[in-house]
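Trainee: The structure follows.
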Amino acid sequence: MDHIRNFSIIAHIDHGKSTLADRIIQRCGGLSDREMEAQVLDSMDIERERGITIKAQTAALNYKARDGRVYQLNLIDTPGHVDFSYEVSRSLSACEGALLVVDASQGVEAQTVANCYTALDLGVEVVPVLNKMDLPQADPENAKAEIEDVIGIDAEHAIPCSAKTGEGIDEILEAVITRMPAPRGQPDGPPRAMIIDSWFDNYVGVVMLVRMVDGVLRKGDRIRMMATDTVYPLEQLGVFAPKSESREQLKAGEVGFLIAGIKELQAAKVGDTITLEKKLPNNAGPASDPLPGFKEIQPQVFAGLYPTEASEYDQLRDALEKLKLNDSSLRYEPEVSQALGFGFRCGFLGLLHMEIVQERLEREFDQDLITTAPSVVYQVQLGGLAGEVIEVENPSKMPEIGKIAEIREPIVTVHLYMPQDYVGPVMTLANQKRGVQLNMAYHGRQVMLTYEMPLAEIVLDFFDKLKSVSRGYASMDYEFKEYRAADVVKVDILINGDRVDALSIIVHRSQSQYRGRAVVAKMREIISRQMYDVAIQAAIGANIIARENIKALRKNVLAKCYGGDISRKRKLLEKQKAGKKRMKQIGSVEVPQEAFLAILQVDD
């Protein structure tokens, strides 16, 4: 075990993490030059295109160090985005060390800080690395000062490197060996392995990426998942180097993959512990306690996804099922809307996760989707003696006002990180979104603001606005804090007196008048004129708070009258009016797809 090092790379988006991983793999001869391509570990198209890492990947590499011994280095590539923070914490807990990669020309960013704190909490040894030293605007001294200031780890021995040109790679590998500890564990004890990630393969079923903590697992063992208490025969195991290589056994300290003929991903939950089913003469028996830190992931943001054509409902269901195979944090259940027909209510970890799922559905499965406004989960305390608490994740399911004692909304702690020139506009934005400032700290030229905010205010468009008021320099991350009672109301949109359920929104009372008016005005622009008058209203319960009319199109029925008696003209006009009235009773207004997106574009 002394010759094994497990490490991962922590970095903000675009600070060069995947390129650095490529160089390390190349230096250790993991792939031939022909197979080497940019961002080897990012296997999804969407990961390459957005330049982000979503799923964890690993590479087991052999490196001959300067002391002449050969070490096995396991590089575990972690996602860097705040939505995937649970996956990050699992990847990090499988490591003893982490390389903190900071772009020498940009300094530290919010997500780097968040992931770095996660690493320090898990007791991981962090080695700072300054990347992009080949750029003319690289400022290593400032970057070191920021690392010490913001994260509070010693950056004096930070390693300068450039993943692009390949300078400093050997120094990094030596630091991994000398500065990071070897894995701890009991090589002879009962086997325990932690699932870092799992995905679905069409040929072999679920593939689990695991870190062996104690003991040995051999091909042919019967293994038990501790969270779900299910047993499977172990069919194949091995390591990724970065291409998969089969082995006969995995020993404590190693990182590799297990294949056990599991059919659905729910059985192999990220963070779960794998051990043996029972004691046999040739093994050490099952472990009694699982590894700490496993938790079920709860979705934070919900939205409805509907096919544009009702006939494509089945294809959408199949597409979601396939996506769920590779994304255990996605939740969905069927739902029916009067306006949009059959579709699904989906739960996501956060906004980026939602965008990625939508994009993958449109891209890989060729789906045309209508998405409703994202909403969060509210806790509703019902009145009366029983006073039960229900969770409402869809605005149209909110009980009537009379039955509600109080509504609680999710509050999150938000860390905003930006150059000091933009503090003013960012604070104004945070206050508009009902943020309460908790802290403000200056680190050199950078400022870190800490706010408490309702999650509902963030899910709509906070991130886009933050980027625009700070010209793209601000970064943020957030974590759930608690549920808190709030004065929120449900605003319904009525068209000719009929509720359109997919357009309901839940907003704070102070903004309800304004939001209602804005949505109604927007609808008026979008809905085309009909043969009869259309009234668009916004209502809270039975109170109408805003109204717009769309005037009817009408034919000039008097065109054929030249002069003549007024009563003749009146007869024609009355006849037209009666016809319009009859039409209005039986006609229904077609709500175009843009209307559902319009809700998202209402400014505060």
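Every residue gets a Cβ built from N, Cα and C, even glycine.
Residues or ranges marked as domain 'tr-type G' by Swiss-Prot: 2-184. Residues or ranges marked as GTP binding site in Swiss-Prot (evidence: sequence analysis): Asp14, His15, Gly16, Lys17, Ser18, Thr19, Asn131, Lys132, Met133, Asp134.
So where do these features actually land, and what's packed around them?
Mentor: In this structure, Gly16 (GTP binding site) belongs to neither helix nor strand by DSSP; it is coil.
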Trainee: I'd like to know which of the binding-site residues Ser18, Asn131 has the most other Cβ atoms within 10 Å of its Cβ.
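Mentor: Comparing the binding-site residues Ser18, Asn131, the most crowded Cβ belongs to Asn131.
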Trainee: What average pLDDT does the predicted model assign to the domain 'tr-type G' (2-184)?
Mentor: 75
Trainee: Using Cβ atoms only, which residues of the same chain lie under 8 Å from Met133 (GTP binding site) while being at least 6 residues apart in sequence?
Mentor: Ala104, Pro140, Pro160, Cys161, Ser162, Glu167, Gly168
Trainee: Does anything in the same chain, at least 6 positions from Gly16 (GTP binding site), have a Cβ under 8 Å from its Cβ, and if so what?
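Mentor: Looking at Cβ-Cβ distances below 8 Å from Gly16 (GTP binding site), excluding near sequence neighbours, one finds Val101, Asp103, Asn131, Lys132, Ala163, Lys164.
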